[in-house]
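Report on the structure given below.
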Amino acid sequence: AGWFRRLLHKPKPSSGESLKSSHSASSSPSSSSSSSAKSSSSSPGTSLATSSISLSPVSVVDISASDSPRWDKSYDVCICHSEGDVELVLELVSYLEGQPESFRCFLQLRDAVVGSAVVTELCDAVQNSHCWVMLITPGFLQDPWCRYQMHQALAEAPMANGRTIPVLKDVDRKDYPRELRNIYYIYMALKEKSFRQIRDTVMHYLQELCRNSTKSME
């Protein structure tokens, strides 16, 4: 009789406890992804060396179509660099121009018009390019023409919208130009990885340009 009474009065688990246990057993994928997104976020003026811009297959647009706004400018990328970094820049240009999209690069050593004024060439290069890669090295920081071209790019597009792409190499973060502090930069540790990040950033900007152009036409 005693064991029968104990069986009748055995406490049942509350509904709150059962819900709590079932929730912990099956965590939401969205909550885990959001927490990981928060942990990977960083403030402006920090490096993108550990990440790259991923292009969703769903949102891919044809940037090479005949009516693409990509052709409104002469170049996709203008490379701003010091004379001492020509060898590295030639590798970057060769990489970008060798991509399936055949990015059009302005290289001062190759594309500047002989006999024209340096100021004119630098301003034209900025105005006729969609994106500007700033290869910030010790030589860049000491070159007044690099500074001038950087200021021209910022004047052309003062808001950070993906057009200005700072790339740091052999430069401490404390020496990062103050004018660019509100723009994320790529820290070049592994050359091949940084080249891919530059390519992805240019591609992302051109896709957004084409997508916005299509929306405005609709």
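Note: Cβ is positioned from N, Cα and C throughout, glycine not excepted.
The feature compositional bias 'Basic residues' is assigned by TrEMBL to 1-12.
Residues or ranges marked as compositional bias 'Low complexity' by TrEMBL: 14-51.
The domain 'TIR' feature in TrEMBL is assigned to 73-202. Computed over the domain 'TIR' (73-202), the whole-number mean pLDDT of the model equals 95.
Annotation comment: TrEMBL describes 1-51 as region 'Disordered'.
Summarised by DSSP class, the composition of the domain 'TIR' (73-202) is 65 helix, 24 strand, 41 coil.
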